[in-house]
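Chemist: Once you've had a glance at the structure underneath, I'll fire off some questions.
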Amino acid sequence: MTRGIWTRETVVLMLLASYLPLTLFWLWFGGVEALLRLGFVALVLAFWNLVFLLARAQPISLAFLITALAVAMLAPEGLGVLRLALAISFGAVMGELVFGGWGRNVVNPAVVTLSFLGFGFPGFPWPELAAPVTWAAIPAALIGVATGSMSLGVVASAAIVAVGAVATGALPPTVAPVAGIVLVLLVADPVTSATTLFGRWLNGALYASLVTLFAGGWHGAAPVQVAVAAALLTSLAAPLLDEMALGIWYEQRRRRHGRN
Amino acid sequence: MQQGAALARLHKASDVCFVAPMRARVARIELLQGHRLAEIVLFREPEDEAVRHDTSGADNEAGLRRLMQTAGFWPWLRRRPFGGMPGADERPAAIFVMATDTSPLAPDPRMAIEGQEEAFGRGLHALTRLTDGPVFVCQQPGPPLFDGVPARGRLRSVDSGPRHPQGAPGLRIHTLFQASIEASVWDLHAEDVAHLGALIATGTLPMSRLVSVGGAALREGRLVRTQPGADLRGLTHRVTKPGPHVVLSGSPLDGHPARWLAPRHRQVTVLPGVKKGPQRHWLIGALTRSAAPKPVIPNAAIDQAFANALPAVAFVRALMSGDEETAMKMGLLSLLEEDVALADYVLGGEMHLAAALRAMLDRVRSEFAE
């Protein structure tokens, strides 16, 4: 009779609201060039969403704007239109649309796009984000957690591990801010991160640990590249983390109730 | 018929009776196909006169069971897994007395049993004779609702939070003593326990219950004492706002449109009628509706909708994909439709979780329990 509001599109709108400070700061420092890049990525994604709407009757979700923002912010520079369009098409179609659209995907389409670009065109320089833009990740995370669209566990555990790693000198201070942006844009994505309470804490901690590991052991890699690679491996590991958390939960219940 | 006289008996267990809630005349009996009973409509008769049952055997378990069944108390019990009235000779592993009701617009059970504390205590002690396991009294934080020596430590008072669904019976059972196919768990309302105490003392089962009448289509809400099966139009007469409206038996979350108050319900909700918007273009409809339901996006709202008692997203996914074994491991057998009603509401009503849960429970019953 009455209906609540937490449908797929509400979560997308809340995520978009939390990315607003990040987007504004990035556009402010990037100027018209950044705006054009965002518009182009959004256009390609909109095209593929439209194709899947007409061919497979998959309703369009505004989530493609989040993917567009992540790709436009983090993709290597100077790629040209064709290479970028190719990578976005691969990421959006193989990462998200063939699984049935946003909410049924296993990996984040932006992560697939960025990894594709990293492996396919390694010669192009990764972007360097201005310091104020990286600071804008903090309000983004706060809004996301407050509206419940990002999980507190992922963000908090990643922050705790990262602070510890920076304090001990394991994580260079140049990588940490970029890792924060990737955390907010890609890792904290509610669909591809872990869904259980403990799994989320593991998820954030694993991401921060991988970033620390890559930053220390991967010579010559740009901070964005390090963070995106860590995000890819983390999202692939998310179902495993969930399974571990569920295993622990089953065992706890079996001990308490003596049966499953 | 006198109040408390048997109107109908179960075919396979003739002790289990459905009784008249007041002195009344049978107006109409409706049968479904195959002579299944649909409803018996009664007209009230003026004088109050009630059947007195023999309470001499209430000290032992067999006598108490017989008294509860012949006096019409048995249908007020509900069993898990699968829901519904327990079998005539079923023995539960635990009993939950719900002295808290957190669903929206629900009446406060403490108010319902005010002045009947002695009968409530007597009813609780009687319940301990029906099971070898614990009897939990779920209540809001505050002074305990019963005193005296707990029966060999089996009578336990547990506090639950004030927000829905922290006091939902299914989630309390899931947390404290989960039901399984071999070990069923019963739950009943605190007011019914007080009535059981009165039945044991006097031989007459009181039929009144505290019912809240509320909802957005009413000029004012009210609390009334009425009987199970009361006419909902009578209860909402003169307080309904003009215009189309829907009368539900039950809470706004899990109620269903009805004419009569359903057996275990203590709420009547009146909601404004929903106007149908203009019809969408057929092409837009074809493109957007064919992929329904849309996937569940994990967020804090859905975790809260199960009071963080179980891995919410994993459970919803298991439910929607028909994965019975995973759902059973996560606590499916302790839950009924009303426990997932909030999650259904929160997710926008697209998922039809209650229907999916019922379908899965029916499948589990046919595969594992029969």
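Glycine is no exception: its Cβ is also placed from the backbone N, Cα and C atoms.
Automatic, uncurated: that is what TrEMBL annotation is.
Pasting the feature list from TrEMBL:
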- A:12-29: transmembrane segment (TRANSMEM)
- A:35-55: transmembrane segment (TRANSMEM)
- A:62-86: transmembrane segment (TRANSMEM)
- A:106-124: transmembrane segment (TRANSMEM)
- A:136-164: transmembrane segment (TRANSMEM)
- A:170-188: transmembrane segment (TRANSMEM)
- A:200-221: transmembrane segment (TRANSMEM)
- A:227-250: transmembrane segment (TRANSMEM)
Chemist: Restricting to the same chain and to residues at least six past its boundaries, which positions have a Cβ under 8 Å from a Cβ of the transmembrane segment (A:62-86)?
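Modeler: For the transmembrane segment (A:62-86), the nonlocal Cβ contacts are 9, 12-13, 15-16, 19, 22-23, 26, 34, 37-38, 40-42, 44-46, 49, 92, 96, 102, 108-110, 113-114, 117-118, 120-121, 124-127, 129, 181-182, 185-186, 189, 224, 228.
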Chemist: Can we call the transmembrane segment (A:12-29) and the transmembrane segment (A:200-221) in contact, meaning three or more C-beta pairs below 8 angstroms at a sequence separation of 6+?
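Modeler: Result for the transmembrane segment (A:12-29) with the transmembrane segment (A:200-221) is no.
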Chemist: Check the transmembrane segment (A:200-221) against the transmembrane segment (A:106-124) for contact, please; criterion is three or more CB pairs under 8 Å, pairs 6 or more apart in sequence.
Modeler: no
Chemist: Below 8 angstroms Cβ to Cβ, which residues of this chain, lying six or more residues outside the transmembrane segment (A:106-124), approach it?
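Modeler: Here the qualifying positions are 66-67, 70-71, 74-79, 83-84, 87-88, 90-92, 94-97, 99, 185-186, 189, 191-192, 225, 228-229, 231-232, 235-236, 239.
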